[in-house]
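A.B. asks: Got these off Swiss-Prot a minute ago, pasting:
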- Glu60, Asp68, Asp113: Ca(2+) 1 binding site (BINDING)
- Asp131, Ile132, Glu134, Asn149, Phe150, Gly153: Ca(2+) 2 binding site (BINDING)
- Cys65-Cys83: disulfide bond (DISULFID)
- Cys135-Cys147: disulfide bond (DISULFID)
- Cys143-Cys156: disulfide bond (DISULFID)
- Cys158-Cys171: disulfide bond (DISULFID)
- Cys175-Cys202: disulfide bond (DISULFID)
- Cys234-Cys251: disulfide bond (DISULFID)
- Cys294-Cys341: disulfide bond (DISULFID)
- Cys321-Cys354: disulfide bond (DISULFID)
- Cys359-Cys403: disulfide bond (DISULFID)
- Cys386-Cys421: disulfide bond (DISULFID)
- Cys595-Cys618: disulfide bond (DISULFID)
- Cys628-Cys660: disulfide bond (DISULFID)
- 16-130: domain 'CUB 1' (DOMAIN)
- 131-172: domain 'EGF-like' (DOMAIN)
- 175-290: domain 'CUB 2' (DOMAIN)
- 292-356: domain 'Sushi 1' (DOMAIN)
- 357-423: domain 'Sushi 2' (DOMAIN)
- 438-681: domain 'Peptidase S1' (DOMAIN)
- Asn64: N-linked glycosylation site (CARBOHYD)
- Asn174: N-linked glycosylation site (CARBOHYD)
- Asn406: N-linked glycosylation site (CARBOHYD)
- Asn149: (3R)-3-hydroxyasparagine (MOD_RES)
- 1-15: signal peptide (SIGNAL)
Amino acid sequence: MWCIVLFSLVAWVYAEPTMYGEILSPNYPQVYPNEVEKSWDIEVPAGYGIHLYFTHLDIELSENCSYDSVQIMSGGHEEGKLCGRRTNKNSNSPVVKEFHIPYSKLQVIFRSDFSNEERFTGFAAYYVAEDIDECTAFADAPCSHFCNNFLGGYFCSCPPEYFLHEDKKNCGVNCSGNVFTTMTGEVESPNYPSPYPESSRCDYQIQLEEGFRVVVTMRREDFDVEPADSEGHCPDSLLFVAGDQHFGPYCGNGFPGPLTIETQSSALNIIFQTDGSEQRKGWKFRYHGDPIPCPKEVTANSFWEPERAKYVFRDVVKITCVDGFEVVQGSVGSPSFYSTCQSNGKWSNSKLRCQPVDCGAPEPIQHGRVEDPESTLFGSITRYSCEMPYYSMECEGSEVYHCSGNGSWVNKVLGIEPPKCIAVCGTPSEPFRSTQRIFGGSIAKIENFPWQVFFSNPWAGGALIDEYWVLTAAHVVEGNDIPVMYVGSSSVVTSQLSNAQMLTAERVFIHPGWEVLDPSITRKNFDNDIALVRLRDPVKMGPKVAPICLPGTSSEYDPPENVLGLISGWGRTNVKSHVIKLRGAKLPVAPLSKCREMKGVNPGIDISSFVFTENMICAGNDKGVDSCDGDSGGAFAVQDPKENKPKFYVAGLVSWGPQCGTYGIYTRVKNYVDWIRKTMQEYSAPSVD
């Protein structure tokens, strides 16, 4: 058995890129063998196409060249498939079939089946590299704008103000980096209203002075950007970014956003992005700088000057706190402050607050107390009171104070002055009830005469009329500028005086009308026998120490005849020179003539030679009750005719008398009230050494 072995020849040929070449079927020009498949990979230098042409073609003919064929492939695409016999169509050219391939590579494949009824000689073909116009040879333009062909290739270029992307094919516009700093202006897309560039990103910035916000105004008809796709995404878009604020992205025919965009920033970024597809006319808008507003309310409980509906950058206002409120900076309070609307839309001094005025703790007072108020802020109330019953308010209605808007405690009567507690005058803690009418009077308690002052040298008396002042007779302190005085003791025994209040004189004021005589001359003129002693320290009042009232200046304080007055002291009695325990007595007022008619102890002294004036009061009787030596300067106390309750005023001061136990002369204090008050007022403050 003979086995016939058939073989097929399969060949693959590759060569370096060349500018031309020849391709021949197997055994050409002889009969090609059966069952052959051979391919040729043709490659010319990049940038060239291939011109392939056949000068001979003799291949078994079949439908669709399904038996034997020569096939031309380019990039997986069949450029042609040939079979049969071909002859040249032009006698001047040997070419029977040709192909112009715009690529630098192609493949030629020859196939034959297992038998041929005739002798076919195959094909002869040639190729040559030829320049192609890439700018027109392809359905898709290789360049987005300008295509430039050259031998073996091409390059893309762009219009002015455009640049070529890294792919060397697409153009973009260099539209980033533009910064607009004017207060008004217009911004538009590249080429507006001509189509904007594709595949671009434009970044613009509006940068205004701090304190001004960017406001954009757009007309709908000035906006035409490729519309959104079916999913709502914008292929081309315009976006505004101002800090944390984002407006957009916007796209479509006609601006879809608000026609006025008010940002809250002085800087606005405009981002315009396009893809590589559809381009439209783009957009334009205007902008301006609007001063950044500040909120109207800086702080509560205040009012502003000037009053405006709107406050903007650089506006300055004066903020004044309403009554009862103040601004506290450190430890200093002020009723107002200034604030400026700043570039960030906030007020300067915004941390300052109008807070209730704090009047602080009420001022303490002497001889009184003040309630601890629940609060010391504006509108709070506090009350003062005096140490009753020995002190009372100097002014009626001065007890209640309220914290006022100016930070002071204010009283309706006294204003900002604190109240003053003054000693209650003319009211003994124990009334003097003795009815004894004998020379020397009766023993008394100091509580009966709490105004009684004891002068130890000379032995005399005085009347306390104020915490700093003692009233006495001029002849008591004449030549004695620093008298030693005591109050608050019934007994003037040295051991008892240690429990009394010792008074230190600061200054002595003798009435200017008092006649100063040589001590060797017998005094017959006691007119103006009155003096004041200013104390260095205030006297503390109590049940044993209290002042007597001064008289008024009206005629009611001229005591009529037979009105009883009280006298007290440690003067001489009918049994001894001086007493050590306080004695008191009641004396009636008598006509001055009674004192003129009296005869003195010394028959050699003519009483009629003594001076009698209207500045004197005569009091006493012939029953042995009278003031005497050692009582000088003491008060002749009479009940105040204008008071319902017993209250005594100093009607007179013990001055002189012709004889103890009868009538005596008293200085009429009413006539000196003006001098007393003037002196006390002028020297009210203690002197400072």
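Heads up, the Cβ atoms here are built off N, Cα and C, so glycines get one too.
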A.B. asks: Summarise the model's confidence over the domain 'EGF-like' (131-172) as a mean pLDDT value.
C.D. replies: 80
A.B. asks: For Cys595 (disulfide bond), list the number of other Cβ atoms lying within 10 Å of its Cβ atom.
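C.D. replies: The Cβ of Cys595 (disulfide bond) has 24 Cβ neighbours within 10 Å.
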A.B. asks: Among all chains shown, work out which of the disulfide-bonded residues Cys234, Cys354 has the most CB atoms within 10 A of its CB.
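C.D. replies: Its Cβ has the most other Cβ atoms within 10 Å: Cys354.
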A.B. asks: If one measures from the C-alpha of Cys156 (disulfide bond) to the C-alpha of Cys83 (disulfide bond), what distance in angstrom results, rounded to a whole number?
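C.D. replies: Approximately 42 Å lies between the Cα of Cys156 (disulfide bond) and that of Cys83 (disulfide bond).
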A.B. asks: Sequence-remote contacts (6 or more beyond its ends) of the domain 'EGF-like' (131-172), Cβ cut-off under 8 Å?
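C.D. replies: Answer is 45-49, 102, 190, 197-201, 276.
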A.B. asks: How many other Cβ atoms sit within 10 Å of the Cβ of Asn174 (N-linked glycosylation site)?
C.D. replies: 14
A.B. asks: If one measures from the C-alpha of Gly153 (Ca(2+) 2 binding site) to the C-alpha of Cys65 (disulfide bond), what distance in angstrom results, rounded to a whole number?
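C.D. replies: One finds 36 Å between the Cα atoms of these residues.
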A.B. asks: Name the one residue among Phe150, Cys171, Cys294 whose Cα is closest in three-dimensional space to that of Cys321 (disulfide bond); these are the recorded positions.
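C.D. replies: Nearest candidate: Cys294.
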A.B. asks: Would you mind reading off the Cα separation of Asn64 (N-linked glycosylation site) from Cys251 (disulfide bond), to the nearest angstrom?
C.D. replies: 54
A.B. asks: Between the Cα atoms of Glu60 (Ca(2+) 1 binding site) and Cys595 (disulfide bond), what distance do you get, rounded to the nearest Å?
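C.D. replies: Cα-Cα distance, Glu60 (Ca(2+) 1 binding site) to Cys595 (disulfide bond): 187 Å.
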